[in-house]
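Colleague: Below are the structure tokens for one structure; questions will follow.
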């Protein structure tokens, strides 16, 4: 009862303190964002006007040099090519045109509006170097015009006009993009604040309250075997220290009494009523140890996720001739190698962490990944990129499995699912932040700088674990090694085989092939900015964070997990067919959205089905072994996904490759259902 009251008090403190802090921060960031948007609004339009007049001035100077040599304006050659070159790199420029004195268009790049200029919008301007300008509204464009002057016998005369048309919607679109970027930054800042605040509140307030409650409950029952492990220097810490001193004093006096010849009988009578460390061993009370690893995991996944939205584009920028691979497959190769090394590094790193500890395994993995991030930022060619990303993958896998092992060490059978749910939510929260923030950083600072920032974030995770993670030997740490014979035994079960081949592998395949490879390339080809690509891709992680726990609870309540897995797999495949119905960027957005819904329905339920379909194998080989085999095999989808997507992209373009992958995933859902219907019925849970 006392423990329940303490837990209720701790939860109330957490919710109120964190809710108030996040609310205040959201209001502050929102105000700052609106103020920044107003500054952009005031500065952007004049800046674009200055750019347009600069283009007109430079273009007019070049054309007038030709006029000074006596070349008539109408007979000049190469003017269209020159105008096209002037417009390069300026997406806001709709057209550049040269008109004669009679208003007839002589040379043009782009299509000027047919509407005449609005005389009420005419504004005289000074463009520098004494060149006059007029600024008028002309249809969908803001027209900046400057006269072209030719020398003559009777003095200079106007022989034409150079027009630079700027898209009126460009400023609105830029402000809209900036508004979205500000919103994404605010959302990411709130998530980051929540993660760090959760750690601070848990380790300094709610956690110590729970520890004090558990220790007092043990003492009230006459149990003096436990003491609080880590004591802070604040008021709660001093209280816990005083309780520890009481426990130590009682145990010392009991041991002294037991060691005296005349005290053995009284000590024996005390031992019948009370529990002492000398008889039963000392225990350590640590509440909420999962919070200690969630923060460095968040930072580490944040670092790796920074490149999700642009990595295929970065590969493409370094890609030279690869004689043994086509361009599209070559772009997918670094992603496939990363996934493969990440998968196969985990058994090696897992064995190391079980023997040497989770903390040293994380530190070594993080150090390797930091080096990999930094070297990736300075990769000079495609082959260096392959090597450096392979290094990052090994470090990432080692750190990831160390975090996963730490959660397993510090949970019991009763709360392990809850512990891993905290792990998964932290993972996807970091993915949201990394995908969105990484896209903005790449857009503003470039790909290489973003990788350097990833190295800094991974370094912060390294320092966090090195300074603050207090690892203790785990009594329930057990290796989940398996042999080839174990793999054969598990895959002799047709339902386990079907679940792995037609649900688990397709889910990882789709994630790597579409979300990490095809979608960024397709969105870039459609002309989207890097920030827009990041915003679209982050939708997947948002759905996994907020929808997946709800669907998992619903699946447990309904008790028919196969329905959820089959429906989610089919939905995620059909999502990609949205590109046939809705073309362009909206189609990709719809595909990512519906794919996220499908995975939120199926992926959270997949892991719970493994012990159900392999009940006999879990009893014979151990649950950890069966889950380990399942996790290893499902990652083959991540390895082959980019290869297959690259080959399909080379063969038929974005539309064909996307629809082919979607149809294949939907077919897997049908095969999964057939496998369960046709295999022997061990357990009914359809």
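The backbone N, Cα and C atoms fix where each Cβ goes, glycine too.
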Colleague: Looking at the ranges 386-407, 474-495, which is given as transmembrane segment in TrEMBL?
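Modeller: From TrEMBL, the annotated transmembrane segment range turns out to be 386-407.
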Colleague: With DSSP, how much of the domain 'HAMP' (203-255) is helix, how much strand and how much coil, in residues?
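Modeller: Secondary-structure breakdown of the domain 'HAMP' (203-255): 39 helix, 5 strand, 9 coil.
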Colleague: Averaged over the domain 'HAMP' (203-255), what pLDDT does the prediction give?
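Modeller: So the average pLDDT across the domain 'HAMP' (203-255) works out to 77.
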